[in-house]
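Visitor: Sharing the features that TrEMBL gives for it:
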TRANSMEM  B:21-41  transmembrane segment
DOMAIN    B:56-160  domain 'FtsX extracellular'
TRANSMEM  B:179-200  transmembrane segment
DOMAIN    B:183-301  domain 'ABC3 transporter permease C-terminal'
TRANSMEM  B:221-254  transmembrane segment
TRANSMEM  B:280-299  transmembrane segment
Amino acid sequence: MIRFDNVSKVYPKQTRPALRDVSLEVEKGEFVFLVGSSGSGKSTFLRLILREERCSHGQVHVLGKDLARLSNWKVPQMRRQLGTVFQDFRLLPNKTVGENVAFAQEVIGKSRGEIRKSVPQVLDLVGLGGKEDRMPGELSGGEQQRVAIARAFVNRPKLLIADEPTGNLDPQTSVGIMKLLDRINRTGTTVVMATHDQNIVDQMRKRVIELEKGRLVRDQARGVYGYQH
Amino acid sequence: MRAQFVLSEIGVGLRRNLTMTFAVIVSVALSLALFGGSLLMSDQVNTMKGYWYDKVNVSIFLCNKSDAESDPNCAKGAVTDDQKQQIKTDLDKMGVVQTVTYESQDAAYKHYKEQFGDSPLASSLTPDQMQESYRIKLKDPQKYQVIATAFDGRDGVQSVQDQKGILDNLFGLLNGMNWAARAVMALMLVVALMLIVNTVRVSAFSRRRETGIMRLVGASGFYIQAPFIMEAAVAGLIGGTLACAFLLVARYFIIDHGLALSEKLNLINFIGWDAVLTKLPLILATSLLMPALAAFFALRKYLKV
C-alpha cells in the first residue's frame, strides 16, 4: 500500500533534511500510528504520501505507483483513492454538512443521483445521520471532525491519511473519533495517522512508527507511544 | 451537475470581486474599442484611396462632351483621337515617366462604381459623363511639375492632378491618429492584463481554502482552474460586448446621424456597416481569449495544483 525506500527529503534553502533515509512498508488493511515530537518529520512523511512534495532521494510507492514517476496531471487521479483528515477539519464554512461531504464527489464528477444516495449513507456511518443541513459552525469540534472523516471516506478510499485528527478535541471526543477510524479500518481501508496523543496510541495497540529528527527510530507492531523514554 | 456547479462558482467569484471585475470590464472595453476603432480607421483610409491611389502619381484628365460646355479648359471641345495619340506619344518620350495607363470612360465608370457603390451621386452617373484619363507612374514621384507644365492647358486636357499629393496630407493625419489610438490601446491592454492577473490572484487567495480542499479530494487541475479562467473570460466578454456596442454607436453617430459626416462630406466615401460588423467577431473572440489566457498564466503562479 505504501513503501518508502531510503527516502530523504531536503527542503530548498534548508541544510538539515526533514527526512533521512527512511525505509518502511505499510500493508493493505493496516492501522499505523506515526509518532514523534514536532519537527520530527511526520508532516513531511504524510506530504510525501499525498505527493504534495516529492522526495529528494529514494523512492516512494503509494498504491503500487512510484510517485516520482507519476506525472503532475495524474496526481489528482491518485489522490481520489486517498482520504485525508486534518487537525483543523478543513470544512467549508459556508456550505452545509451535506454539501461539504458532497463537495468531494462533485469535484470528481459524480452524478447527482450517486451523491444523493451516498451522502446520507456516509453521514449515518460517522454518526451524524440527520444533520445534513446543519452548518459546520453549529457543530461541536468532534462532530466537525466526523464530517471531515465522512468527506474523506465518501469516495471509499483505499488509504486514509489522518494528520493529528484528535489534536483539537477533548479526550472523550477523541475516543469516539478513534472508534470511528477503527471501524473504517475494519472495512479494509488502510489508515495512517500521525498523532501526539499518548493515551490513544497506548490503548489501541496498533503498529507504531516513530520518527526523530527525520530518522525512523522505531517500527513496532502493537506498540505504545514511547517505551524507552 | 458539473456545469451547474462550475457556473455557480463563477457567479460567486465575480460577485465577491465586484469592484475588480468592474475595472477589468471597463479596461477591456476601452482597449478593444480603441483596437476596433484603429482597424476601422485603416479601413476608412483604404476606402478613400480608391482604385488608382497606390498605382499612379499623376492623372491627366481629358475633356468629355459635358466638359466642353462647362469647363473653360475644354472650350475647344471634347478630346479627339489625334490629341489622345499625341499625348500618349509625348508621355512615352518623357524620361521621368515609368508607366502610362489609359483609362477609358467605361473603365472610369467601373472604378467609380466600385469605390462609391450605391451613393446617390454614383447612381445618377452614366459612363459618358466620365472622363477619359492617362494615369502616370513616375520614376520619381517628386517630378510631378514636369508633367503639369508639359500638359496643363493643352487642347483636350481638362486638368493634371497630383492626387497622391493632395490626399497624402489627409492620410498622414489619419495615420497619425491611428497610431495614437494604437498606442493608447496598447497601454490599456497592459492595464487590462495586469488587472486580470491581480483579480485572479486575489480570487485565488480568497478561495485558497476551497481550492486546497478540492486538491485534497482529487479534483483535476483543470477543474480547480476552470472557475477562475471562466470568471476572467466572462468579465472580458462583457467588456468586449461593450466595445462592440461602442463601435456600432460611434459609427452611427459619426457617419449617419449626430455628426452626420456622410451628409456634410458627401464626396468622401465612408466605411459601411459591413466594415464594422466584420470586426465584431474578432473583438469578441479577443475579449474572451485574452483574459482567459492571462488568467491561465496567472494561475500557474498563484494557484498550486
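For all residues, glycine too, the Cβ spot is worked out from N, Cα and C.
All TrEMBL annotations are machine predictions without curation.
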Visitor: Going by DSSP, how much of the domain 'FtsX extracellular' (B:56-160) is helix, how much is strand and how much is coil, in residues?
Guide: 52 helix, 22 strand, 31 coil
Visitor: Could you give the residue numbers and ranges of same-chain residues that sit at least 6 residues beyond the transmembrane segment (B:21-41) on either side and whose C-beta is under 8 angstroms from one of its C-beta atoms?
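Guide: For the transmembrane segment (B:21-41), the nonlocal Cβ contacts are 14, 174, 177-178, 181-182, 184-185, 188-189, 191-192, 195-196, 199, 231-232, 235-236, 238-240, 242-244, 246-247, 250-251, 271, 275-276, 279-280, 282-283, 286-287, 290-291.
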Visitor: Can you tell me how the residues of the domain 'ABC3 transporter permease C-terminal' (B:183-301) break down into helix, strand and coil by DSSP?
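Guide: Split into helix, strand and coil, the domain 'ABC3 transporter permease C-terminal' (B:183-301) gives 102 helix, 0 strand, 17 coil.
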Visitor: Determine the mean pLDDT over the domain 'ABC3 transporter permease C-terminal' (B:183-301), rounding to the nearest whole number.
Guide: 86
